[in-house]
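S.K.: My questions all concern the structure below.
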Amino acid sequence: MSFDRNQDGKLKVKTSSKLPVSPTFESMKLQENLLRGIYGYGFEAPSAIQSRAITQIIRGKDVIAQAQSGTGKTATFTIGMLQVIDSSSKDLQALVLSPTRELAAQISQVVRNLGDYMNVVALACTGGKALQQDISKVNKGCHVMSGTPGRVLDMIKRRIINTRHVKMLVLDEADELLSETLGFKQQLYDIFTKLPSSVQVVVVSATMSKDVLEVTKKFMSDPVKILVKRDEVSLEGIKQYHINVDKEEWKFDTLCDLYDSLTITQCVIFCNTKKKVDWLSHKLIQNNFAVASIHGDMKQDDRDKVMSDFRSGSSRVLISTDVWARGIDVQQVSLVINYDLPELLENYIHRIGRSGRFGRKGVAINFITREEVTKLKSIEKHYSIKIKPMPADIDSLS
């Protein structure tokens, strides 16, 4: 895994106080086996957010860390967490909560990869699969649990997991976790009441709304804030275009035309509803296009299979709702198509960031009906960007 060092260096980092910056992982005084895992994972030097946040996490400070999608946020809290975990004990010591099952699974894998030489056990505990599977794994010992709030709270209430020794709680994609729409907020409150009062809290997100900052005041003690202001969140590596289609029903033909014209490695197509995802994937398959689809109503085994096939490259076009937009890193994605513009302005960066992970170049194409012109202008204003009309010379995009 790598990121564009020049791109990362352009990010302006704002902190609540003058924090020390660690130019190398060695300067953080990390355990030797953790350094082996970091370099084995492909990191060479810390990113802007890593160079500031990791040492604060290790010191035991509560931390609010905001960085753009693809700058190494997951590795930031994972490295800090692994440094302070006592692997000689079988106790659960760190809890990571995420808004989606896929993200929770990915985080547990990152913990295992970075902690490869440390004998650290990390489990993903999410809904959609038999509880008994998680119980048998937890009983063998678990240092880090990465899960969704509902499943984790259920396991705490059933006394399947013991939280007495949890010293760190991480809220990943906190803006989503703490939003009213997903209904996780009360579950998070309930989980907090089951943790030791001394628990260290780390909040990580690509966007940080005022509501999130207010909610974190309830749970955090004098947190260190490391923030990238919204208008400094870089979309520089991603070419963004729009295609005017006038009517909704014309979007499908436009998409088919793009398939014939664009040479793509892998592509993600976003729709706003599960029904639209099912409809579009069915219609494309009817027209002999090979596509896969994923959304929250699918069985967990089916979702895992879709993600596995897409990661391996055996499927190259994925149609999805916003469930896939946050945090999932598939490095080969070079094109994102917004079949529908996102309902929430904040989700625009999560969606199109799929095509420009870690500073890689990508293309984002937005289908715009007459009714969506106003929404497009709102996105441009929100991110201080200009989304250009699609050029006639499509070959120039690649």
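Cβ atoms here come from the backbone N, Cα and C positions, even for glycine.
Here's the feature list from Swiss-Prot:
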type: BINDING; residues: Ala67, Gln68, Ser69, Gly70, Thr71, Gly72, Lys73, Thr74; note: ATP binding site
type: DOMAIN; residues: 54-226; note: domain 'Helicase ATP-binding'
type: DOMAIN; residues: 237-398; note: domain 'Helicase C-terminal'
type: MOTIF; residues: 23-51; note: motif 'Q motif'
type: MOTIF; residues: 172-175; note: motif 'DEAD box'
S.K.: According to DSSP, collapsed to three classes, what secondary structure does Thr74 (ATP binding site) have?
M.R.: helix
S.K.: Give me the DSSP three-state residue breakdown of the motif 'DEAD box' (172-175), ordered helix, strand, coil.
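M.R.: The breakdown for the motif 'DEAD box' (172-175) reads 2 helix, 1 strand, 1 coil.
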S.K.: Which numbers of helix, strand and coil residues does DSSP report for the motif 'Q motif' (23-51)?
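M.R.: Across the motif 'Q motif' (23-51), the residues distribute as 17 helix, 0 strand, 12 coil.
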S.K.: Suppose we draw a 10 Å sphere around the Cβ of Thr74 (ATP binding site). How many other Cβ atoms does it contain, all chains included?
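M.R.: If we count other Cβ atoms within 10 Å of Thr74 (ATP binding site), we arrive at 23.
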S.K.: Averaged across the domain 'Helicase ATP-binding' (54-226), what pLDDT does the model get? Just tell me the whole number, please.
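M.R.: The average pLDDT of the model in the domain 'Helicase ATP-binding' (54-226) works out to 89.
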S.K.: Over all shown protein chains, what is the count of other CB atoms within 10 A of the CB belonging to Gly72 (ATP binding site)?
M.R.: 23
